[in-house]
Amino acid sequence: MKIGQIRQSLSGFYDVYADGQMYRTRARGNFRKRRITPLVGDNVEFDAATPQEGYVLNILDRQTQLVRPPVANVDLGIVVTATTEQEFSTNLLDRQLVALAVAGIEPLLYFAKTDLLTDEVYQQRLTLADAYRQIGYQVICERTAFSPAALAAVKTALAGHVAVVMGQTGAGKSTLLNHLQPGLALATGEISQALNRGKHTTRKVSLIPIADGLVADTPGFSSYEVFDIAANELTHYFPEFVRLSVDCKYRGCVHINEPQCAVKQALAAGELLASRYDNYLQFYETIKNKKVIYNKKK
């Protein structure tokens, strides 16, 4: 019996990487009865008589699990954010950060298309990047697009990790991957095609070795449209709120209508990003409204 990592799934086959070699395997027969589905990124125990014929016997404990894309053990989310005025959205950025936090995945923010900005707008983005760094996020915001310094920072963050790349269509995800690993044009082109097809995405899921890490070559982490959490849990996924909440008068304060709220006091004092608080309020209302719909199902 061997231990390896599933690097690709396609049509019921799982390609498992172990000891420098790839093995083509299937899931053992009782997986379907037990409703167990191996995922790309799973660490597994398997037997293989030859590299072309083997069986996955057991799936080791998963650290994280995503639905879209269906990948296990992702521990880094590279958030590619287009910074041009017509594309930039702190709302989308904060949605992505909350979704990653809920999934237990560390974010890396990459501000793209900075070379298209005027100096004035770039300074605004730089100020915002510094504000996110103060919250505790790692942010890359170089003046020159895909500069050696920016790419080196991504490579350092990626080394030894399993990552998904997320961001709106056209943000620069494919271009970033091409710069990190020249020669990936075909694979990243497939990402773009899948994104443009909307729901009709490829059913093949793979992990591509890039910069001493692994990147899922799927349309990306896209399950951030709806948060599957309770509204009163949302505050736990805003790190700056968590730090301040110890000084709120009421335990369980959600920082909206409560008196003597440390978060609202910090906001009034200009110590919090107003956009972050505004987005928090919108997400809170969205979750409250969605929960009613969920409870009516079935």
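Including glycine, each Cβ sits where the backbone N, Cα and C put it.
Taken from Swiss-Prot, the feature domain 'CP-type G' covers 63-224, and the record attributes it to sequence analysis. Sequence annotations record features per position, and here Swiss-Prot assigns GTP binding site to Ala112, Lys113, Thr114, Asp115, Gly167, Gln168, Thr169, Gly170, Ala171, Gly172, Lys173, Ser174, Thr175 based on sequence analysis. Positions annotated as Zn(2+) binding site by Swiss-Prot, on the basis of sequence analysis: Cys248, Cys253, His255, Cys261.
On the structure: features taken from Swiss-Prot.
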| residue | record | Cβ contacts under 8 Å, 6 or more apart |
| --- | --- | --- |
| Ala112 | GTP binding site | Val80, Thr81, Ala82, Thr83, Ala145, Gly167, Ala171, Gly172, Thr175, Leu176 |
| Thr114 | GTP binding site | Thr83, Tyr122, Arg125, Cys141, Glu142, Arg143, Thr144, Ala145 |
| Cys248 | Zn(2+) binding site | His255, Glu258, Gln260, Cys261, Ala262, Val263 |
| Cys253 | Zn(2+) binding site | Thr235, Ser245, Cys261, Val263 |
Inset, instruction - For the recorded Zn(2+) site, enumerate neighbouring residues of the same chain (Cβ within 8 Å of the Cβ centroid of Cys248, Cys253, His255, Cys261, site residues themselves excluded), in sequence order. - result: Leu244, Ser245, Lys249, Tyr250, Val254, Glu258, Gln260, Ala262, Val263, Lys264
Legend entry - Per-region confidence, the domain 'CP-type G' (63-224) (mean pLDDT, whole number): 84
Legend entry - binding-site residues compared (Ala171, Cys261) - highest count of Cβ atoms within 10 Å: Ala171
Inset, instruction - According to DSSP, folded down to helix, strand and coil, what is Thr175 (GTP binding site)? - result: helix
Legend entry - Entry from the binding-site residues list Thr169, Thr175 having the most other CB atoms no farther than 10 A: Thr175
Inset, instruction - Fewest other Cβ atoms within 10 Å: which of the binding-site residues Lys173, His255 wins that one? Let me know. - result: His255
Inset, instruction - State the count of C-beta atoms found within 10 angstroms of the C-beta of Gly167 (GTP binding site), not counting that atom itself. - result: 24
Legend entry - Recorded GTP site residues Ala112, Lys113, Thr114, Asp115, Gly167, Gln168, Thr169, Gly170, Ala171, Gly172, Lys173, Ser174, Thr175, farthest C-alpha pair in Å: 18
